Amino acid sequence: MTESGSKLRIFKILKIIISSLLITVLLLFTIAAIRTLSLDVNAGLQLAHWEKTNNKSLVIDHHQREELLANFKEAIRIPTVSFSNTEINTTALLEFDRFLRKAFPTVFSSSLVHHELVGNYSHLFWVKGSQPELVPYMLLAHIDVVPASESDGWEAPPFSAKEIDGFIYGRGTIDDKNSLMGILQALEYLLLKGYAPRRGFYIGLGHDEEISGLNGAMNIVRVLKQRGVQLLFVMDEGLTIFDGIIPGLEGPAALIGLSEKGQATVKLSVSVAPGHSSMPPRETSIGILATAVKRLEDNPMPRLFGYGPEGDTFEHLAHKFSFPLKFIMSNLWLFSPLLSRILERKPVSNAFVRTTTAVTFFNAGVKINVIPSLAEAYVNLRIHSAQSVEEVLDIIKDTVGDQRVKVELVYGFDPLPISGADEKAFGFQIIKKTVLDLFPTVTVAPAICVGNTDSRHFIDLTKNIYRFSPAWFKPGDLERFHGINERISTKNYEEMIVFYFNLIQNCDIRKLPEPHSSVHEL
(Lines of atoms letter the chains of each structure in order from A; the text may use other names.)
(Lines give C-alpha, C1' and ligand atoms only; values in the text may rest on other atoms or scores of the structure.)
Protein backbone atom coordinates (compact mmCIF):
# COMPACT_ATOMS: atom_id res chain seq x y z
CA MET A 1 0.00 0.00 0.00
CA THR A 2 1.37 3.41 -0.95
CA GLU A 3 2.06 6.14 1.62
CA SER A 4 -0.79 8.26 0.23
CA GLY A 5 -3.16 5.30 0.50
CA SER A 6 -2.21 4.77 4.14
CA LYS A 7 -2.80 8.43 4.92
CA LEU A 8 -6.17 8.28 3.18
CA ARG A 9 -7.19 5.24 5.21
CA ILE A 10 -6.12 6.89 8.47
CA PHE A 11 -8.07 10.00 7.49
CA LYS A 12 -11.21 7.91 6.81
CA ILE A 13 -10.87 6.14 10.18
CA LEU A 14 -10.45 9.49 11.99
CA LYS A 15 -13.43 10.84 10.09
CA ILE A 16 -15.56 7.89 11.21
CA ILE A 17 -14.41 8.28 14.84
CA ILE A 18 -15.08 12.03 14.86
CA SER A 19 -18.45 11.56 13.20
CA SER A 20 -19.38 8.88 15.72
CA LEU A 21 -18.36 11.13 18.57
CA LEU A 22 -20.37 14.03 17.15
CA ILE A 23 -23.43 11.79 16.69
CA THR A 24 -23.03 10.48 20.26
CA VAL A 25 -22.72 14.01 21.67
CA LEU A 26 -25.71 15.16 19.61
CA LEU A 27 -27.74 12.16 20.77
CA LEU A 28 -26.82 12.75 24.42
CA PHE A 29 -27.65 16.44 24.09
CA THR A 30 -31.02 15.63 22.51
CA ILE A 31 -31.89 13.16 25.26
CA ALA A 32 -30.79 15.66 27.91
CA ALA A 33 -32.78 18.48 26.28
CA ILE A 34 -35.94 16.35 26.08
CA ARG A 35 -35.52 15.31 29.70
CA THR A 36 -34.98 18.92 30.77
CA LEU A 37 -38.19 20.04 29.08
CA SER A 38 -40.30 17.08 30.17
CA LEU A 39 -39.01 16.21 33.65
CA ASP A 40 -41.60 16.94 36.32
CA VAL A 41 -41.13 14.67 39.32
CA ASN A 42 -43.31 17.00 41.37
CA ALA A 43 -46.59 16.24 39.60
CA GLY A 44 -47.11 13.21 41.81
CA LEU A 45 -50.54 13.05 43.38
CA GLN A 46 -51.35 16.75 43.16
CA LEU A 47 -53.90 16.24 40.39
CA ALA A 48 -55.21 12.93 41.70
CA HIS A 49 -58.63 12.45 43.29
CA TRP A 50 -58.03 12.45 47.03
CA GLU A 51 -60.46 10.77 49.38
CA LYS A 52 -63.02 13.29 50.58
CA THR A 53 -62.88 14.23 54.26
CA ASN A 54 -64.78 16.76 56.33
CA ASN A 55 -61.72 18.55 57.61
CA LYS A 56 -62.27 21.24 60.18
CA SER A 57 -60.73 24.63 59.41
CA LEU A 58 -58.73 26.76 61.82
CA VAL A 59 -59.09 30.53 61.87
CA ILE A 60 -57.17 31.97 64.79
CA ASP A 61 -58.81 35.02 66.34
CA HIS A 62 -57.14 37.83 68.30
CA HIS A 63 -57.76 36.26 71.73
CA GLN A 64 -56.43 32.85 70.62
CA ARG A 65 -53.39 34.50 69.05
CA GLU A 66 -52.52 36.27 72.29
CA GLU A 67 -53.00 33.07 74.27
CA LEU A 68 -50.97 30.79 71.97
CA LEU A 69 -48.09 33.29 71.83
CA ALA A 70 -48.12 33.67 75.60
CA ASN A 71 -47.96 29.88 75.99
CA PHE A 72 -45.12 29.60 73.49
CA LYS A 73 -43.13 32.34 75.21
CA GLU A 74 -43.59 30.65 78.58
CA ALA A 75 -42.26 27.40 77.09
CA ILE A 76 -39.14 29.21 75.86
CA ARG A 77 -38.55 30.81 79.28
CA ILE A 78 -38.22 27.42 80.97
CA PRO A 79 -34.49 26.53 80.57
CA THR A 80 -34.77 22.81 79.80
CA VAL A 81 -31.06 22.60 79.02
CA SER A 82 -29.16 19.38 78.40
CA PHE A 83 -25.57 20.25 79.32
CA SER A 84 -23.99 16.82 78.93
CA ASN A 85 -24.77 13.11 79.14
CA THR A 86 -24.61 13.37 82.92
CA GLU A 87 -26.08 16.83 83.47
CA ILE A 88 -29.62 17.89 82.57
CA ASN A 89 -31.83 20.51 84.19
CA THR A 90 -34.32 18.21 85.91
CA THR A 91 -35.87 21.10 87.83
CA ALA A 92 -36.75 22.79 84.54
CA LEU A 93 -38.08 19.54 83.08
CA LEU A 94 -40.46 19.12 86.03
CA GLU A 95 -41.55 22.73 85.64
CA PHE A 96 -42.16 22.09 81.93
CA ASP A 97 -44.37 19.12 82.81
CA ARG A 98 -46.54 21.33 85.03
CA PHE A 99 -46.62 24.00 82.34
CA LEU A 100 -47.87 21.61 79.63
CA ARG A 101 -50.76 20.46 81.80
CA LYS A 102 -51.75 24.08 82.39
CA ALA A 103 -51.32 25.22 78.76
CA PHE A 104 -53.25 22.33 77.17
CA PRO A 105 -56.02 21.33 79.60
CA THR A 106 -58.17 19.68 76.93
CA VAL A 107 -55.33 17.44 75.73
CA PHE A 108 -54.70 16.22 79.28
CA SER A 109 -58.38 15.76 80.17
CA SER A 110 -59.86 14.32 76.95
CA SER A 111 -61.13 10.74 77.05
CA LEU A 112 -59.61 10.28 73.58
CA VAL A 113 -56.08 10.98 74.82
CA HIS A 114 -53.99 8.70 77.01
CA HIS A 115 -50.91 10.35 78.50
CA GLU A 116 -48.01 8.89 80.41
CA LEU A 117 -44.56 9.95 81.57
CA VAL A 118 -41.66 7.87 80.27
CA GLY A 119 -38.19 7.93 81.77
CA ASN A 120 -39.43 10.40 84.39
CA TYR A 121 -39.42 13.43 82.09
CA SER A 122 -40.46 12.40 78.56
CA HIS A 123 -44.10 12.38 77.45
CA LEU A 124 -46.02 9.81 75.42
CA PHE A 125 -49.53 10.54 74.18
CA TRP A 126 -51.85 8.06 72.48
CA VAL A 127 -54.80 9.60 70.63
CA LYS A 128 -57.31 6.84 70.00
CA GLY A 129 -58.77 6.48 66.51
CA SER A 130 -62.31 5.39 65.68
CA GLN A 131 -61.07 2.87 63.11
CA PRO A 132 -58.50 0.65 64.86
CA GLU A 133 -57.73 -1.25 61.65
CA LEU A 134 -55.91 1.86 60.36
CA VAL A 135 -52.21 1.67 61.26
CA PRO A 136 -51.21 4.53 63.58
CA TYR A 137 -48.47 7.08 62.96
CA MET A 138 -46.33 9.16 65.32
CA LEU A 139 -45.30 12.79 65.68
CA LEU A 140 -42.05 13.50 67.55
CA ALA A 141 -40.51 16.58 69.12
CA HIS A 142 -38.14 17.21 72.01
CA ILE A 143 -38.26 19.27 75.17
CA ASP A 144 -34.57 19.88 75.83
CA VAL A 145 -32.38 22.56 74.32
CA VAL A 146 -28.65 23.19 74.03
CA PRO A 147 -26.94 25.66 76.39
CA ALA A 148 -27.01 29.38 75.63
CA SER A 149 -25.44 32.41 77.25
CA GLU A 150 -26.33 36.06 76.76
CA SER A 151 -22.63 36.91 76.85
CA ASP A 152 -22.19 35.14 73.49
CA GLY A 153 -23.79 38.15 71.81
CA TRP A 154 -27.54 37.58 71.87
CA GLU A 155 -29.75 40.54 70.99
CA ALA A 156 -32.08 39.41 73.79
CA PRO A 157 -31.47 37.07 76.73
CA PRO A 158 -31.72 33.49 75.39
CA PHE A 159 -34.45 32.47 77.85
CA SER A 160 -36.41 35.71 77.80
CA ALA A 161 -38.66 34.96 74.80
CA LYS A 162 -38.43 38.67 74.02
CA GLU A 163 -40.37 39.77 70.96
CA ILE A 164 -38.48 42.09 68.59
CA ASP A 165 -39.95 43.26 65.27
CA GLY A 166 -42.35 40.33 65.03
CA PHE A 167 -39.77 37.68 66.05
CA ILE A 168 -39.62 35.76 69.32
CA TYR A 169 -36.00 35.31 70.43
CA GLY A 170 -34.88 32.42 72.58
CA ARG A 171 -33.24 29.02 72.78
CA GLY A 172 -35.68 26.42 71.50
CA THR A 173 -37.67 28.70 69.19
CA ILE A 174 -36.51 26.65 66.18
CA ASP A 175 -35.05 23.61 67.97
CA ASP A 176 -37.50 22.22 68.91
CA LYS A 177 -40.14 23.82 71.10
CA ASN A 178 -41.77 25.33 68.02
CA SER A 179 -42.69 21.83 66.81
CA LEU A 180 -43.56 20.58 70.29
CA MET A 181 -45.86 23.47 71.12
CA GLY A 182 -47.27 23.56 67.59
CA ILE A 183 -48.31 19.89 67.73
CA LEU A 184 -49.96 20.15 71.14
CA GLN A 185 -51.64 23.48 70.34
CA ALA A 186 -53.05 21.97 67.14
CA LEU A 187 -54.38 18.95 69.05
CA GLU A 188 -55.89 21.24 71.69
CA TYR A 189 -57.79 23.19 69.01
CA LEU A 190 -58.93 20.01 67.25
CA LEU A 191 -60.32 18.52 70.46
CA LEU A 192 -62.07 21.77 71.33
CA LYS A 193 -63.76 21.61 67.91
CA GLY A 194 -65.05 18.11 68.66
CA TYR A 195 -62.56 16.31 66.41
CA ALA A 196 -62.14 12.56 66.85
CA PRO A 197 -59.52 10.94 64.59
CA ARG A 198 -60.25 7.94 62.42
CA ARG A 199 -56.58 6.93 62.42
CA GLY A 200 -55.04 6.81 65.88
CA PHE A 201 -51.67 8.42 66.46
CA TYR A 202 -48.93 8.88 69.02
CA ILE A 203 -47.08 11.99 70.11
CA GLY A 204 -43.64 11.49 71.65
CA LEU A 205 -41.80 14.29 73.44
CA GLY A 206 -38.26 13.30 74.41
CA HIS A 207 -36.38 15.10 77.15
CA ASP A 208 -32.75 14.41 76.14
CA GLU A 209 -32.54 14.54 72.34
CA GLU A 210 -29.59 16.94 72.47
CA ILE A 211 -27.56 14.25 74.27
CA SER A 212 -28.62 11.36 72.01
CA GLY A 213 -32.05 10.50 73.46
CA LEU A 214 -30.80 7.52 75.42
CA ASN A 215 -33.27 7.94 78.29
CA GLY A 216 -36.10 9.72 76.48
CA ALA A 217 -36.72 8.48 72.95
CA MET A 218 -35.15 5.07 73.58
CA ASN A 219 -37.46 4.45 76.55
CA ILE A 220 -40.47 5.54 74.49
CA VAL A 221 -39.44 2.99 71.86
CA ARG A 222 -39.06 0.33 74.55
CA VAL A 223 -42.60 1.01 75.82
CA LEU A 224 -44.08 0.83 72.31
CA LYS A 225 -42.20 -2.38 71.52
CA GLN A 226 -43.53 -4.01 74.68
CA ARG A 227 -47.04 -3.22 73.45
CA GLY A 228 -46.37 -4.62 69.99
CA VAL A 229 -46.87 -1.26 68.27
CA GLN A 230 -45.98 -0.85 64.60
CA LEU A 231 -46.22 2.57 62.98
CA LEU A 232 -47.27 3.66 59.50
CA PHE A 233 -44.73 6.47 59.62
CA VAL A 234 -42.88 8.75 62.03
CA MET A 235 -42.42 12.49 61.58
CA ASP A 236 -39.76 14.36 63.53
CA GLU A 237 -37.76 17.57 63.30
CA GLY A 238 -34.95 17.80 60.76
CA LEU A 239 -35.23 19.82 57.58
CA THR A 240 -37.37 22.90 56.98
CA ILE A 241 -38.52 25.36 54.33
CA PHE A 242 -35.53 27.13 52.75
CA ASP A 243 -36.25 30.52 51.23
CA GLY A 244 -33.40 32.26 49.43
CA ILE A 245 -30.79 29.87 50.84
CA ILE A 246 -30.19 27.56 47.86
CA PRO A 247 -28.27 29.61 45.24
CA GLY A 248 -30.05 29.85 41.89
CA LEU A 249 -33.32 28.34 43.11
CA GLU A 250 -36.42 30.33 42.25
CA GLY A 251 -38.77 30.39 45.22
CA PRO A 252 -38.81 28.52 48.54
CA ALA A 253 -38.25 24.77 48.90
CA ALA A 254 -39.59 22.44 51.60
CA LEU A 255 -37.05 19.65 52.09
CA ILE A 256 -38.29 16.46 53.74
CA GLY A 257 -35.54 14.29 55.18
CA LEU A 258 -35.76 10.65 54.10
CA SER A 259 -32.71 9.59 56.05
CA GLU A 260 -29.94 10.81 58.33
CA LYS A 261 -26.22 10.60 57.84
CA GLY A 262 -24.44 8.18 60.11
CA GLN A 263 -21.99 9.36 62.69
CA ALA A 264 -18.67 8.27 64.13
CA THR A 265 -16.24 9.64 66.67
CA VAL A 266 -12.74 8.34 66.03
CA LYS A 267 -9.76 8.74 68.34
CA LEU A 268 -6.25 9.10 66.91
CA SER A 269 -3.39 8.68 69.37
CA VAL A 270 0.39 8.53 69.33
CA SER A 271 2.49 7.20 72.23
CA VAL A 272 6.26 7.73 72.44
CA ALA A 273 8.87 7.88 75.17
CA PRO A 274 8.83 11.25 76.97
CA GLY A 275 11.89 13.46 76.89
CA HIS A 276 13.36 16.87 77.56
CA SER A 277 12.74 19.65 75.05
CA SER A 278 16.46 20.44 74.98
CA MET A 279 17.13 17.10 73.24
CA PRO A 280 14.16 16.57 70.95
CA PRO A 281 13.84 13.57 68.63
CA ARG A 282 13.36 14.05 64.91
CA GLU A 283 9.59 13.58 65.35
CA THR A 284 7.53 14.18 68.48
CA SER A 285 4.15 12.69 69.33
CA ILE A 286 2.56 16.03 68.46
CA GLY A 287 4.35 16.21 65.10
CA ILE A 288 3.41 12.66 64.15
CA LEU A 289 -0.23 13.23 65.06
CA ALA A 290 -0.33 16.64 63.37
CA THR A 291 0.89 15.01 60.14
CA ALA A 292 -1.86 12.40 60.39
CA VAL A 293 -4.51 15.07 60.93
CA LYS A 294 -3.15 17.06 57.99
CA ARG A 295 -3.44 14.00 55.75
CA LEU A 296 -7.08 13.56 56.72
CA GLU A 297 -7.85 17.19 55.95
CA ASP A 298 -5.91 17.15 52.67
CA ASN A 299 -7.60 13.95 51.51
CA PRO A 300 -11.35 14.19 52.06
CA MET A 301 -13.58 11.16 51.78
CA PRO A 302 -14.56 10.15 48.23
CA ARG A 303 -17.37 11.93 46.41
CA LEU A 304 -20.60 9.94 46.62
CA PHE A 305 -23.07 12.43 45.22
CA GLY A 306 -26.02 10.64 43.62
CA TYR A 307 -25.67 7.45 45.64
CA GLY A 308 -28.09 8.69 48.32
CA PRO A 309 -31.28 10.82 48.51
CA GLU A 310 -29.37 13.97 47.51
CA GLY A 311 -29.73 13.12 43.81
CA ASP A 312 -33.52 13.07 44.13
CA THR A 313 -33.39 16.45 45.89
CA PHE A 314 -31.93 18.20 42.88
CA GLU A 315 -34.13 16.40 40.38
CA HIS A 316 -37.22 17.56 42.30
CA LEU A 317 -35.92 21.12 42.35
CA ALA A 318 -34.57 21.16 38.79
CA HIS A 319 -37.55 22.93 37.22
CA LYS A 320 -37.10 25.83 39.65
CA PHE A 321 -33.62 26.64 38.36
CA SER A 322 -32.82 28.68 35.25
CA PHE A 323 -30.46 27.56 32.50
CA PRO A 324 -27.81 26.18 32.56
CA LEU A 325 -28.45 24.83 36.08
CA LYS A 326 -31.85 23.50 35.07
CA PHE A 327 -30.21 21.51 32.28
CA ILE A 328 -27.59 20.10 34.67
CA MET A 329 -30.03 19.27 37.49
CA SER A 330 -32.44 17.52 35.14
CA ASN A 331 -29.70 15.24 33.87
CA LEU A 332 -27.74 14.00 36.84
CA TRP A 333 -27.21 10.72 34.98
CA LEU A 334 -24.84 12.77 32.83
CA PHE A 335 -23.67 15.64 35.02
CA SER A 336 -23.47 14.31 38.60
CA PRO A 337 -19.62 14.32 38.59
CA LEU A 338 -19.66 17.98 37.49
CA LEU A 339 -22.32 18.96 40.04
CA SER A 340 -20.53 17.20 42.88
CA ARG A 341 -17.38 19.22 42.14
CA ILE A 342 -19.42 22.42 42.29
CA LEU A 343 -21.18 21.46 45.51
CA GLU A 344 -18.01 20.48 47.35
CA ARG A 345 -16.69 24.05 47.18
CA LYS A 346 -18.87 25.21 50.08
CA PRO A 347 -19.09 23.52 53.50
CA VAL A 348 -22.92 23.52 53.56
CA SER A 349 -23.31 21.78 50.19
CA ASN A 350 -20.18 19.64 50.63
CA ALA A 351 -22.08 17.80 53.37
CA PHE A 352 -24.37 16.38 50.66
CA VAL A 353 -21.46 15.12 48.56
CA ARG A 354 -19.47 12.94 50.93
CA THR A 355 -18.75 11.76 54.43
CA THR A 356 -17.41 14.85 56.19
CA THR A 357 -14.39 14.84 58.47
CA ALA A 358 -13.93 17.34 61.30
CA VAL A 359 -11.11 17.30 63.85
CA THR A 360 -12.77 18.62 66.99
CA PHE A 361 -10.25 17.91 69.78
CA PHE A 362 -6.43 17.89 69.89
CA ASN A 363 -4.82 17.20 73.25
CA ALA A 364 -1.10 16.96 74.06
CA GLY A 365 1.52 18.37 76.38
CA VAL A 366 1.89 18.72 80.13
CA LYS A 367 4.81 21.17 80.54
CA ILE A 368 6.59 23.70 78.38
CA ASN A 369 9.94 21.89 78.49
CA VAL A 370 8.68 18.31 78.34
CA ILE A 371 8.13 16.40 75.11
CA PRO A 372 4.78 14.71 75.69
CA SER A 373 4.55 10.96 75.63
CA LEU A 374 0.94 11.03 74.43
CA ALA A 375 -0.92 13.07 71.82
CA GLU A 376 -4.61 12.54 71.07
CA ALA A 377 -7.05 13.90 68.51
CA TYR A 378 -10.75 13.24 68.11
CA VAL A 379 -12.39 13.25 64.69
CA ASN A 380 -16.14 13.57 64.15
CA LEU A 381 -17.46 12.08 60.92
CA ARG A 382 -20.92 12.41 59.41
CA ILE A 383 -21.28 9.36 57.20
CA HIS A 384 -22.84 9.44 53.74
CA SER A 385 -25.75 7.09 53.01
CA ALA A 386 -23.61 5.00 50.67
CA GLN A 387 -20.95 4.23 53.30
CA SER A 388 -20.72 2.43 56.63
CA VAL A 389 -18.76 3.05 59.81
CA GLU A 390 -16.48 0.12 58.97
CA GLU A 391 -15.71 1.46 55.49
CA VAL A 392 -14.94 4.92 56.86
CA LEU A 393 -12.56 3.47 59.47
CA ASP A 394 -10.67 1.58 56.77
CA ILE A 395 -10.31 4.76 54.71
CA ILE A 396 -8.99 6.68 57.73
CA LYS A 397 -6.36 4.02 58.42
CA ASP A 398 -5.26 3.99 54.77
CA THR A 399 -5.16 7.80 54.59
CA VAL A 400 -3.14 8.19 57.80
CA GLY A 401 -0.80 5.44 56.61
CA ASP A 402 1.31 5.43 59.77
CA GLN A 403 1.50 2.44 62.11
CA ARG A 404 2.54 4.75 64.96
CA VAL A 405 -0.91 6.37 64.90
CA LYS A 406 -3.50 4.27 66.69
CA VAL A 407 -7.02 4.57 65.21
CA GLU A 408 -9.93 3.68 67.53
CA LEU A 409 -13.68 3.92 67.12
CA VAL A 410 -15.11 5.65 70.20
CA TYR A 411 -18.75 5.73 69.10
CA GLY A 412 -20.62 5.38 65.85
CA PHE A 413 -23.61 4.19 63.91
CA ASP A 414 -24.33 3.62 60.24
CA PRO A 415 -26.51 5.94 58.13
CA LEU A 416 -30.23 5.47 58.66
CA PRO A 417 -32.36 3.54 56.12
CA ILE A 418 -33.82 5.65 53.31
CA SER A 419 -37.59 6.07 53.63
CA GLY A 420 -39.92 5.99 50.64
CA ALA A 421 -40.86 9.14 48.71
CA ASP A 422 -42.73 7.72 45.74
CA GLU A 423 -46.46 7.96 45.05
CA LYS A 424 -47.14 5.02 47.39
CA ALA A 425 -45.32 6.50 50.38
CA PHE A 426 -48.19 7.52 52.66
CA GLY A 427 -46.23 9.63 55.13
CA PHE A 428 -44.25 11.53 52.52
CA GLN A 429 -47.28 12.28 50.37
CA ILE A 430 -49.41 13.41 53.33
CA ILE A 431 -46.67 15.77 54.51
CA LYS A 432 -46.21 17.04 50.96
CA LYS A 433 -49.94 17.65 50.47
CA THR A 434 -50.19 19.47 53.80
CA VAL A 435 -47.26 21.71 52.88
CA LEU A 436 -48.65 22.57 49.44
CA ASP A 437 -52.15 23.23 50.76
CA LEU A 438 -50.75 25.76 53.22
CA PHE A 439 -47.85 27.10 51.12
CA PRO A 440 -48.82 26.78 47.42
CA THR A 441 -45.66 28.54 46.14
CA VAL A 442 -43.30 26.08 47.81
CA THR A 443 -41.54 23.27 45.95
CA VAL A 444 -41.36 20.02 47.94
CA ALA A 445 -38.37 17.71 47.60
CA PRO A 446 -36.93 14.67 49.41
CA ALA A 447 -33.51 15.17 50.99
CA ILE A 448 -30.93 13.87 53.42
CA CYS A 449 -30.73 15.19 56.98
CA VAL A 450 -27.07 15.85 57.83
CA GLY A 451 -27.76 16.04 61.58
CA ASN A 452 -29.26 13.37 63.82
CA THR A 453 -32.64 13.29 65.57
CA ASP A 454 -34.55 11.17 68.07
CA SER A 455 -36.33 9.49 65.14
CA ARG A 456 -33.30 7.28 64.47
CA HIS A 457 -34.26 5.20 67.50
CA PHE A 458 -37.60 4.25 65.88
CA ILE A 459 -36.30 2.21 62.92
CA ASP A 460 -37.62 -1.05 64.42
CA LEU A 461 -41.15 0.37 64.58
CA THR A 462 -41.47 1.62 60.99
CA LYS A 463 -39.68 1.73 57.66
CA ASN A 464 -40.89 5.26 57.00
CA ILE A 465 -39.33 8.08 59.01
CA TYR A 466 -39.52 11.69 57.82
CA ARG A 467 -37.64 14.68 59.20
CA PHE A 468 -39.44 17.95 58.58
CA SER A 469 -40.69 21.01 60.39
CA PRO A 470 -42.64 23.80 58.61
CA ALA A 471 -40.32 26.50 59.94
CA TRP A 472 -39.10 29.06 57.39
CA PHE A 473 -35.35 29.59 57.12
CA LYS A 474 -34.09 32.65 55.26
CA PRO A 475 -30.47 33.76 54.63
CA GLY A 476 -28.64 33.95 57.94
CA ASP A 477 -31.08 31.71 59.82
CA LEU A 478 -29.04 28.50 59.52
CA GLU A 479 -26.40 30.07 61.76
CA ARG A 480 -29.04 30.64 64.45
CA PHE A 481 -29.55 26.88 64.83
CA HIS A 482 -27.56 26.02 68.00
CA GLY A 483 -26.06 29.50 67.60
CA ILE A 484 -26.89 32.96 68.87
CA ASN A 485 -30.13 34.88 68.25
CA GLU A 486 -32.25 31.79 67.63
CA ARG A 487 -35.69 33.09 66.72
CA ILE A 488 -39.00 32.46 64.97
CA SER A 489 -41.55 34.92 63.64
CA THR A 490 -44.93 35.02 65.33
CA LYS A 491 -46.46 34.52 61.88
CA ASN A 492 -44.44 31.36 61.23
CA TYR A 493 -45.26 29.88 64.64
CA GLU A 494 -48.95 30.38 63.91
CA GLU A 495 -48.45 28.72 60.50
CA MET A 496 -46.86 25.73 62.23
CA ILE A 497 -49.95 25.25 64.38
CA VAL A 498 -52.18 25.36 61.29
CA PHE A 499 -49.84 22.89 59.53
CA TYR A 500 -50.12 20.28 62.31
CA PHE A 501 -53.87 20.97 62.63
CA ASN A 502 -54.27 20.06 58.95
CA LEU A 503 -51.71 17.23 58.93
CA ILE A 504 -53.48 15.30 61.68
CA GLN A 505 -56.76 15.47 59.77
CA ASN A 506 -55.14 14.63 56.42
CA CYS A 507 -53.84 11.40 57.95
CA ASP A 508 -57.42 10.19 58.43
CA ILE A 509 -57.74 8.99 54.82
CA ARG A 510 -57.65 5.22 54.45
CA LYS A 511 -55.19 5.19 51.55
CA LEU A 512 -53.51 7.41 49.00
CA PRO A 513 -55.24 8.09 45.67
CA GLU A 514 -54.08 6.57 42.41
CA PRO A 515 -51.60 8.84 40.57
CA HIS A 516 -53.29 11.13 38.06
CA SER A 517 -51.31 9.66 35.16
CA SER A 518 -52.79 6.21 35.81
CA VAL A 519 -56.39 7.38 36.28
CA HIS A 520 -58.32 6.84 33.05
CA GLU A 521 -61.45 8.83 32.53
CA LEU A 522 -63.95 8.76 29.65
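Just so it is clear, glycine is given a Cβ too, placed from its N, Cα and C backbone atoms.
Per TrEMBL, the feature transmembrane segment maps to 12-34.
For H142 (Zn(2+) 2 binding site), applying a Cβ distance below 8 Å and a minimum sequence separation of six or more within one chain yields D176, L180, L205, G206, H207, D208, E209, E210, G213, G216, A217, E237, D454. Summarising the annotation, TrEMBL assigns Zn(2+) 2 binding site to H142, D175, D236.
With a 10 A radius on its CB, D144 (active site) counts 29 other CB atoms from all the protein chains. For D144, the entry in TrEMBL reads active site.
The Zn(2+) 1 binding site feature in TrEMBL is assigned to D175, E210, H482. Counting every protein chain shown, the number of other Cβ atoms lying within 10 Å of the Cβ of E210 (Zn(2+) 1 binding site) is 23.
The Cβ neighbour count for E209 (active site, proton acceptor), using a 10 Å radius over every protein chain in view, is 29. What TrEMBL lists as active site, proton acceptor is E209.
Here TrEMBL flags 259-403 as domain 'Peptidase M20 dimerisation'. Secondary structure of the domain 'Peptidase M20 dimerisation' (259-403) per DSSP, as helix, strand and coil residue counts: 58 helix, 36 strand, 51 coil.
Those residues of the chain, other than D175, E210, H482, with a C-beta within 8 angstroms of the mean position of the Zn(2+) 1 site C-beta atoms are V145, V146, D176, F481. In sequence order, the binding-site residues near D144 (active site) (Cα within 10 Å of its Cα) are D175, drawn from D175, D236, H482. Taking the C-alpha positions, the distance from D175 (Zn(2+) 2 binding site) to H482 (Zn(2+) 1 binding site) comes to 8 Å.
It is D175, among the binding-site residues D175, D236, whose Cβ has the fewest other Cβ atoms within 10 Å in the structure shown. Apart from the site residues H142, D175, D236, the chain places the Cβ of L140, A141, D176, S179, L180, G206, E209, E237, G238, T453, D454, S469 no farther than 8 Å from the centroid of the site's Cβ atoms, the recorded Zn(2+) 2 location.
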